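Engineer: Next up is a structure, given as structure tokens.
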Amino acid sequence: MIVMKFGGTSVADSEAIARTISIIGGRLDRKPIVVVSALSKVTDLLYKIADSASEGDRKAADEYIETLQSRHITLAEELLEGNPMLEEARTKVADICSELKNFVGAICALGELTDRSKARIISRGEWLSSTVICYAMNSRGIITNFIDARKMIITSDNHMKGEPDKAEIMKRVPEAVSAAFSGADAVITQGFISSTVKGEPTVLGRGGSDYSASLIGMAVDAESIEIWTDVDGVRTADPRIVPCTKNISRISFEEAAEMAHFGAKVLHPMTIEPAVMKNIPVYVLNSMNPGGEGTAILQSDKIEDGVKSVSYKENILLMNIFSTRMINVSGFLQRVFAAFSEHKVSVDLISTSEANISLTMDGNQDIDAVVGELSKFADVDVDRDKAQISVIGKNIVNLRGLLKQTMSSLKDCNVYMISQGASFVNISFVVDRSSMKDAVREVHRYLFEDKDYESGDQRIR
Ligand code: ADP
Ligand code: ASP
Ligand code: MG
């Protein structure tokens with residue numbers, strides 16, 4: 001069995017879906033479990049619907065739902081033109097949208113949107129896309145059964161970012177998949193959406209369909225997990241901001257996990273973890289160029305040392321914590337970390353001195369409670385104008401000269417913090433957000449574009 005996950009751009013419209021279905025058609029001998037995202041931009045639209053509902057703006061919400069409905073009806077019409085299944089598909093889309101309209105209407109009347117209701121609203125994108133694509137696959141002769149991901153992907157009750165319950169998932173996925181494969185060539189399910197054990201709606205966080213795919217792959221012991229997207233694979237940097245990136249043909253699980261965690265949007269940060277548990281290779285492939293080489297993400301011993309990529313995180317915050325009392329250093333560190341752990345705020349980079357700690361963390365987290373706690377024994381300074389750049393590659397800390405060379409490519413901007421991870425695969429810098437893009441381009445140019453520079457007797461890449 002293989003898992004094939006198709007992101008928003010791979011299912012953006014009827015043309016993209018037709019291409020996607022032909023890619024799936026070429027893999028039927030490997031029993032594909034197809035995991036789909038919502039159509040491109042649909043999740044953003046659903047967020048707008050949720051926002052309008054919470055503001056009680058029913059008119060705006062209804063208009064957005066009309067747009068949602070007509071986009072999916074048009075899609076069904078284009079994919080199923082002249083097919084007897086069209087009427088059924090159209091009715092299903094209309095039913096899903098009218099149920100959403102009623103639900104949103106009730107929220108508008110109530111004037112309050114809980115995370116649970118929000119998760120229910122934004123889960124509709126994947127539900128709609130998988131419904132239409134399932135019909136389209138069947139209409140093209142691929143016998144495909146539909147699986148409700150909410151029955152298999154069980155999470156905690158953190159509705160907008162459920163933490164998967166792996167034991168439950170390991171039990172439910174194989175049962176659901178083997179039942180659905182009976183008499184079928186392929187099965188299809190939704191990425192991103194999940195539920196608690198009590199059946200309340202949850203989602204895995206933005207970009208979570210990659211994570212769904214790897215959880216499913218883990219649960220069925222898949223032969224491979226394929227992440228089909230709109231780029232030729234994992235690249236040396238984000239092609240949206242760096243013009244001359246190169247494709248990376250092979251990369252280790254650790255490198256890919258670190259890249260994703262440190263900002264490379266091509267994979268959800270948690271994607272690699274379930275794959276590593278079962279040592280399942282993950283391939284990143286381009287649905288617009290299916291014959292391309294792509295990137296294989298494999299066990300570390302199959303991967304050579306050296307710099308692989310530069311990633312960045314724009315939305316971070318830098319927190320400086322100064323001890324106000326003369327407590328000993330270990331007591332101070334212990335209280336600081338207890339506060340982060342109690343309030344479930346996770347930290348990316350840390351550097352410490354005698355009575356000061358600097359930390360970076362994802363800027364989307366709610367840090368008020370942590371700051372309140374820390375302020376009882378320390379002065380806390382929070383800076384949201386910074387960004388983080390990470391150079392990633394296996395054993396790069398052993399590459400003499402890399403830090404010096406990278407720092408010299410950053411000569412035009414202030415560097416507020418440097419952190420060399422204990423994992424040996426990551427060296428990160430904190431710079432002003434305003435100079436981040438130029439800095440990423442500069443580091444990339446230096447490491448990948450200029451020349452194969454050498455350091456001592458070891459090549460940097
Ligand atoms: P999907 O909708 O298929 O999940 P995403 O937009 O989530 O696609 O991820 C693919 C995008 O990730 C690419 O279009 C690219 O702009 C971005 N990206 C960021 N960093 C990298 C990188 N190092 N390699 C490849 N793509 C990257
Ligand atoms: N549709 C969801 C999102 O846009 C999940 C995904 O695409 O992976 O975040
Ligand atoms: Mg994605």
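Keep in mind that glycine also has a Cβ here, set from the backbone N, Cα and C atoms.
If you look up TrEMBL, you'll see LYS5, PHE6, GLY7, GLY8, THR229, ASP230, ARG240, LYS265, VAL266 marked as ATP binding site. The substrate binding site annotation in TrEMBL covers THR43, GLU126. If you look up TrEMBL, you'll see 321-388 marked as domain 'ACT'.
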Engineer: Would you mind sorting out which binding-site residues among LYS5, THR43, GLU126 put a C-beta under 6 angstroms from ligand 1?
Structural biologist: none
Engineer: In sequence order, which residues at least six apart in the same chain have a CB under 8 Å from the CB of GLU126 (substrate binding site)?
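Structural biologist: Set apart from GLU126 (substrate binding site) by at least 6 residues yet with Cβ under 8 Å, we have VAL36, SER37, ALA38, ALA149, GLN190, GLY191, PHE192, ILE193, SER209.
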Engineer: Under a threshold of 6 Å between Cβ and any atom of ligand 2, which of the binding-site residues LYS5, THR43, VAL266 are retained?
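Structural biologist: Cβ under 6 Å from ligand 2: THR43.
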Engineer: How would DSSP class GLU126 (substrate binding site) in three states?
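Structural biologist: Its secondary structure by DSSP: helix.
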Engineer: Roughly how many Å lie between the Cα atoms of THR229 (ATP binding site) and THR43 (substrate binding site), rounded to a whole value?
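Structural biologist: It is 16 Å, counting Cα to Cα.
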Engineer: Cβ under 6 Å from an atom of ligand 3: which of these binding-site residues qualify? The list is LYS5, GLY7, THR43, GLU126, ARG240, VAL266.
Structural biologist: GLY7
Engineer: Taking LYS5, PHE6, GLY7, GLY8, THR229, ASP230, ARG240, LYS265, VAL266 as the record's ATP-binding set, what's the max Cα pairwise distance in Å, rounded to a whole number?
Structural biologist: 22
Engineer: Report the same-chain neighbours of GLY7 (ATP binding site): residues 6+ apart in sequence with Cβ closer than 8 Å to its Cβ, ordered by sequence.
Structural biologist: SER37, SER209, ASP210, ILE227, TRP228, THR229, ASP230
Engineer: What is the interatomic distance between the Cα atoms of THR43 (substrate binding site) and LYS5 (ATP binding site), given in whole Å?
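Structural biologist: The Cα atom of THR43 (substrate binding site) is 17 Å away from the Cα atom of LYS5 (ATP binding site).
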Engineer: Measure from the Cβ of VAL266 (ATP binding site) and count the other Cβ atoms within 10 Å, all protein chains considered.
Structural biologist: 24
Engineer: Tell me the coarse DSSP state (helix, strand, coil) of LYS5 (ATP binding site).
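Structural biologist: Strand, per DSSP.
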Engineer: Near LYS5 (ATP binding site), which residues of its own chain have a C-beta under 8 A away, given they sit six or more steps off in sequence?
Structural biologist: VAL34, VAL35, VAL36, SER37, GLY191, SER209, ASP210, SER212, ALA213, ILE225, GLU226, ILE227, TRP228
Engineer: What is the three-state DSSP composition of the domain 'ACT' (321-388), stated as helix, strand and coil residue counts?
Structural biologist: 21 helix, 24 strand, 23 coil
